[in-house]
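Participant: Okay, handing you the structure first.
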Amino acid sequence: MDWKFLEGLLSGVNKYSTAFGRIWLSVVFVFRVMVYVVAAERVWSDDQAHFDCNTLQPGCKNLCYDYFFPISHIRLWALQLIFVTCPSFMVVLHVSYREERERKYQAKHGADRHLYDNPGQKHGGLWYTYLISLLLKTAFEITFLYLLHSIYDSFKLPRKVQCDVSPCPNLVDCYISRPTEKTVFTYFMVGASVLCVVLNVCEIFYLITIRLVTLKKRGLVHTSSIMKVRRNLD
């Protein structure tokens with residue numbers, strides 16, 4: 001997977017993010033992408049090769065591994081990182097759409113005329129796009145955490161599992177390679193994901209609060225203008 005391409009795309013998102021969004025982006029790259037690329041992939045690289053069962057029955061080992069690991073942690077985390085970063089591109093596309101409209105407007109009415117004060121400012125439709133992207137990121141994070149826990153029944157990997165699926169001749173014991181190390185990485189990645197959820201929720205409340213404060217100020221200004229008009233009429 002080309003993580004450098006993903007990093008280049010998300011760098012554009014950073015320009016239009018709030019302070020919480022920039023912290024979220026740092027957490028994603030430092031504590032998730034970097035850990036995934038540098039360490040996690042190597043830890044899980046030999047998981048199937050070193051999955052040992054106390055039987056020589058052909059096919060038993062492979063089917064037991066597939067039964068207990070229907071999808072690898074490492075592949076599930078790769079999908080999670082893709083899904084949680086994709087909604088941010090909605091903001092970049094919306095800003096690009098605004099910039100294109102601005103370019104066409106200036107070409108028609110002159111370079112001194114502006115359709116937007118700042119195409120990247122989170123007002124109007126862009127505010128809703130940004131909020132929707134946060135809601136989607138939060139939903140994807142929670143969904144993948146639920147999937148990881150439901151597939152493996154826990155975030156902790158056991159040292160030994162017992163399997164009796166066909167063609168195993170009876171109940172066989174199977175042993176997972178480096179379960180303690182994999183458990184540590186699992187908890188670390190889960191913790192980073194939870195931190196990202198907290199940051200997304202904080203940013204959602206921040207956006208809504210700023211929006212309400214702005215609307216309240218506009219309402220006060222509008223009310224003040226009406227009162228002045230009435231006093232002049234009187």
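Quick reminder: no glycine exception, Cβ is built from N, Cα and C everywhere.
Residues or ranges marked as transmembrane segment in TrEMBL: 20-39, 77-97, 127-148, 185-208. The feature domain 'Connexin N-terminal' is assigned by TrEMBL to 42-75. Positions annotated as domain 'Connexin cysteine-rich' by TrEMBL: 140-207.
Help me picture these features in the structure, burial and contacts included.
Facilitator: The average pLDDT computed over the domain 'Connexin N-terminal' (42-75) stands at 84.
For the transmembrane segment (185-208), same-chain residues at least 6 beyond its ends with a Cβ under 8 Å from one of its own Cβ atoms are 18, 20-21, 23-24, 27-28, 31-32, 35-36, 39-40, 43, 73, 77, 80, 84, 122, 127, 130-131, 134-135, 137-138, 141-142, 144-145, 148, 155-157.
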Participant: Which residue counts does DSSP give the domain 'Connexin N-terminal' (42-75) for helix, strand and coil?
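Facilitator: Split into helix, strand and coil, the domain 'Connexin N-terminal' (42-75) gives 14 helix, 2 strand, 18 coil.
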